[in-house]
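So the structure is just underneath, and the comments pick up after that.
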Amino acid sequence: MLKKCLENVRKNSPLIHNITNYVTVNDCANILLACGASPIMADDINEVEEITSICNGLNINIGTLNSRTINSMHKAGWMANRLSHAVLLDPVGVGASELRTRTAVELVKNIKFDVIRGNISEIKTLANGSGSTRGVDADIRDSITEENLTEYVKFAKQLSKNMDAIIAISGVIDIVADSKDAYVIYNGHKIMSKITGSGCMLSAFTTAYLAANKDNKLMATVAAFCAMGVAGEIAQKRMSELDGNASFRNYLIDAIYNMTGEQLEAMAKYEKR
Ligand SMILES: Nc1ncnc2c1ncn2[C@@H]1O[C@H](COP(=O)(O)OP(=O)(O)OP(=O)(O)O)[C@@H](O)[C@H]1O
Ligand SMILES: Cc1ncsc1CCO
Ligand SMILES: [Mg+2]
């Protein structure tokens, strides 16, 4: 199943429209190329509908939100919904400012997202429609652990029902849930939180998996999360003495570029909950 999802991305080579932040935009473009998809970044209000129309999926990331792009996000989302394209929201830093929280809540209200992907602090804030986060990184106190896993799985399923979207939470342990089923993913390495953009890359990458696997969006999301975690493990093993987070970032993209379906099946660590 995971293998098939990965291979469908290479076979279909989906074109992904990204309205994303200027911090990690290049990493998002490269991870899409690495997995066999194609990126296009476009956020001007006068072209977003046209751009989305020629694409297969839309990735909306509010990382460096500004008043100009908010309208573009709504317009692109509306068109993507009309054309039944895969649509994903990454509510980066929701809770860090009133503008982010209000924008994320409005987007969820007006656009049908297939997947909402964030770290646990972002997803909790979005669920409450208010709250405060420290910034773009998850608060350590929110961490998903073996002790609170059952509770968080229940939370993710309920939120999926409320928001009519797959809820995909990343962290030490990842949870991917719709209203009925949840999968818990144990892949990854702690150094992934030492580069900016592992989450943004995961969102762009997941949008490609959704666009290429429209008949099973839950498993497409699980496959994307497993693949990113596996890539993190492979990249970390490749690091030598003088390597730091910059090399790791490159190794991570390389690992996605070279990943085979067999390797993904062999290394993926996930279970249904
Ligand atoms: N401590 C960890 N152990 C294992 N995997 C991790 C760890 N921290 C993050 N990851 C992995 O890193 C990827 C990104 O998740 P993370 O929760 O850090 O996203 P994020 O906070 O949105 O990142 P960013 O905003 O910097 O782009 C996921 O694949 C996740 O599984
Ligand atoms: C650091 C940062 N600030 C806004 S977006 C972003 C990238 C990680 O989410
Ligand atoms: Mg993030």
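Just so it is clear, glycine is given a Cβ too, placed from its N, Cα and C backbone atoms.
Unlike curated records, TrEMBL annotations are generated automatically.
Here TrEMBL flags Met41, Gly197 as substrate binding site. Annotation comment: TrEMBL describes Arg117, Ser170 as ATP binding site.
All features noted in TrEMBL, drawn onto the structure.
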residue: Met41; record: substrate binding site; contacts (Cβ under 8 Å, 6+ apart): Asn18, Ile19, Thr20, Val25, Cys28, Ala29
residue: Arg117; record: ATP binding site; contacts (Cβ under 8 Å, 6+ apart): Leu88, Leu89, Asp90, Ala168, Ile169, Ser170, Gly199, Leu202, Ser203, Thr206, Thr221
residue: Gly197; record: substrate binding site; contacts (Cβ under 8 Å, 6+ apart): Val23, Thr24, Asp27, Cys28, Arg249
Out of the binding-site residues I have (Met41, Arg117, Ser170, Gly197), which ones have their Cβ sitting under 6 Å from ligand 1?
Ser170, Gly197
Check Gly197 (substrate binding site) against DSSP and tell me helix, strand or coil, would you?
coil
